[in-house]
Amino acid sequence: MNDRDIAAVGNKNPEEHSVLLDCCGGLNNLDYSKMDLTLMQELMKCINLRDSNFCIAVLAIFFNPLFWNVVARWEHRTRRLSRLFGSAYLACYCLGFVIILLNVYRSHSMTVVMKSQARWDVLERTEVFYAGAALIVLGTVLVVSSFLALGFTGTFLGDYFGILMDDKVTGFPFNITDNPMYWGSTANYLGLALIGASPVGLVLTAFVAVVYSVAITFEGYVFLSTVDTCQIGLSHLQSPEKLLKKHILKHKASLKTTQTNLAQSGKVF
């Protein structure tokens, strides 16, 4: 303690005491009454949470990942879709087509809300517009490159149908992020919100990011068990060429053993 602190301790007036705050004491030392919430209040004034279009968009955001994860997991356990369509590939294509339609509807519902609700003056800037355009370009690159790297079945949950890729994709864009399709879509929605100066678009984009984060956690857990099960099942399935090669190698080994036994017994084969 310095001389000033000692003097303050000796002084009976508490107002003159210097108070030492613990910087690691959490948020208990913050005076929330002095926080400037003007910007947040202006943001919420521009958003109509009771708008029916807003509710529809939120439902679409939450429903889509829930739908394809539940259906894919159900298919993995029962193989009902594969039996219904007569082929795992055809079933995967049909589910992928449904997912595309759902995503188109989600994008449409979000766009309707952004156009119908108020714009925010804070976002009415040239630099914000160009930042939104850059995010859309980035998001499109991530989505398209991810689709090209994975293919249709790899993109639309083919692993749940027993359709596995030969090797793990590690090139672009998977060397940047593990889930480029999800984060690319999120970047696109954020870019649209910034270009349209839409505060409700920012809120909806936040919902998309949260839902995708939950979906990534769930899919990562389920994917491990799915791959293990598929690998166990596929280990018993071999192509005719592999079976023939295995039979020839087994026959050669048996023939070599016979020759060795005959040589040891003094006979010539």
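Glycine too: its Cβ is placed from the backbone N, Cα and C atoms.
Keep in mind it's a predicted model, so treat the numbers as computed, not measured.
If you check TrEMBL, you'll see THR78 and PHE218 are listed on opposite sides of the membrane.
Counting other Cβ atoms within 10 Å of each Cβ, the binding-site residues VAL137, LEU138, GLY139, GLU219 show the lowest value at VAL137. Note on the transmembrane segment (128-152): residues 92-93, 96, 158, 165, 169, 171-174, 176-177, 180-181, 183-197 of its chain, located 6 or more positions outside it, place their CB under 8 angstroms from a CB of the stretch. For the recorded site, GLY139 (S-adenosyl-L-methionine binding site), the DSSP three-state label reads helix.
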